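This report concerns only the one structure given below.
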Amino acid sequence: MSFDLIIKNGTVILENEARVIDIAAQGGKIAAIGENLGEAKNVLDATGLIVSPGMVDAHTHISEPGRTHWEGYETGTRAAAKGGITTMIEMPLNQLPATVDRETIELKFDAAKGKLTIDAAQLGGLVSYNLDRLHELDEVGVVGFKCFVATCGDRGIDNDFRDVNDWQFYKGAQKLGEMDQTVLVHCENALICDELGEEAKREGRVTAHDYVASRPVFTEVEAIRRVLYLAKAAGCRLHVCHISSPEGVEEVTRARQEVQDVTCESCPHYFVLDTDQFEEIGTLAKCSPPIRDQENQKGMWEKLFNGEIDCLVSDHSPCPPEMKAGNIMQAWGGIAGLQNCMDVMFDEAVQKRGMSLPMFGKLMATNAADIFGLKHKGRIAPGKDADLVFIQPDSSYVLKNEDLEYRHKVSPYVGRTIGARITKTILRGDVIYDIEHGFPVPPKGQFILKHQQ
């Protein structure tokens, strides 16, 4: 039999093992896995390379429309492809207007036409002002709903994102549970974090360590505990976003042991950066929850290897450089990171700490696809989309600003020596990024809607 594509001689990450085996693709799908698969129009030799499922990044901010000067579909999805991401799940905030109903999500679809290098699923927003319109987003096909119990949004802009209070969260979660949807939550105690931050500013405490102290671990843990209880009472699946502390992970683990339907994610920056590095890097490493100390980081690695964290995500949330000016307490909080999720974590988790390749595949792709119902994504298996990434192990390089595809070529990882490289990214059987030839085909990404799964 003749196929469109055969990948030969690579070490392939399968669900429960990794071994040297060939992959055949036909019509954008994985058609066969094995040896001596026959002929193909295109044959790629992956000798010495790891062949991974394309990353499913379940937490990405593309600020188009309305704030395209922060990040746009063209630049953001090219960076994703260069970093081995083949599917992103896009957050409903940072763009203007926020994605809170049918009209605003249609604006996203229109803005992205002809610009998607990778595939994209959408999240709707659960905000203080759209409880009567959640069904519109469900009908369009979002794969989940994001909300904040921490303070968010520009109060001077009417159609910006807004956090929810406990009543709004509970009522929204009730509605979403009835729709068989998942609610995703940014968990920090709004009032305490706000007051601690204002107190620090008044007293002139504006260093990285001061910022971290203004958002202590207990503010994350309290919020996680609260939304777990409310989501359970409301009858809604819960996904806890970007957990930064082992104590926060323990709350999720405890709830799972009590048979609550809950999952969680974390981000590479919580595993590879610490507060001292944050102080050195400056505002480019500011995010919330904040990057914490080495002892906290050690605990996060233990939770990751124990299987208590479901997936790793970028939380890519860039902004124009001028918004990172000034002291750390004043600067915008958000990290530009999606281009370096896979290579950094392959280096740190697999090469330096001995994580198995199947576990790496689950954390970067499989689990996120399962959590959000992306049935064609996240696995190297017959019938799945042929979304694949070639990783060259033990191949060190120093990340430079000019390597970045973002609209603004800045990242807290610039200057870092990374011990692995993404050499090729394949989306539905077509090479969309190659380390030698760049981006060889026009953007072919498409939106993934829940009801089409």
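In case you wondered, yes, glycine gets a Cβ from its N, Cα and C as well.
Taken straight from Swiss-Prot:
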BINDING   His59, His61, Lys146, Asp315  Zn(2+) 1 binding site
BINDING   Lys146, His186, His242  Zn(2+) 2 binding site
MOD_RES   Lys146  N6-carboxylysine
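His61 (Zn(2+) 1 binding site) and His242 (Zn(2+) 2 binding site) have their C-alpha atoms 13 Å apart, to the nearest angstrom. Among the binding-site residues His59, Lys146, Asp315, the ones whose Cα sits within 10 Å of the Cα of His186 (Zn(2+) 2 binding site) are Lys146. Of the recorded residues, His242 (Zn(2+) 2 binding site) and Asp315 (Zn(2+) 1 binding site) place their C-alpha atoms 7 Å from one another. Taking the centre of the Cβ atoms of Lys146, His186, His242 as the Zn(2+) 2 site, the nearby residues of that chain (Cβ within 8 Å, site residues left out) are His59, Met91, Phe148, Leu184, Val185, Cys187, Cys241, Asp315.
Around Lys146 (Zn(2+) 1 binding site), the same-chain residues six or more apart in sequence whose CB sits under 8 Å from its CB are Met91, Pro92, Leu93, Leu123, Gly124, Gly125, Leu126, Val183, Leu184, Val185, His186, Cys241, listed in sequence order. Cβ-based neighbour count (10 Å, all protein chains) for His186 (Zn(2+) 2 binding site) stands at 24.
Less than 8 angstroms from the CB of Asp315 (Zn(2+) 1 binding site) sit His59, Thr60, His61, Cys241, His242, Cys267, His269, Cys287, Gly334, Ile335, Gly337, each of them six or more residues away in the same chain. Asp315 (Zn(2+) 1 binding site) carries neither a helix nor a strand DSSP state and counts as coil. For His242 (Zn(2+) 2 binding site), the Cβ neighbour count at a 10 Å cut-off comes to 23, with all displayed protein chains included.
In the three-state DSSP assignment, the secondary structure recorded for His59 (Zn(2+) 1 binding site) is strand. According to DSSP, His242 (Zn(2+) 2 binding site) sits in a coil region rather than a helix or strand. Counting every protein chain shown, 26 other Cβ atoms lie within 10 Å of the Cβ of His59 (Zn(2+) 1 binding site).
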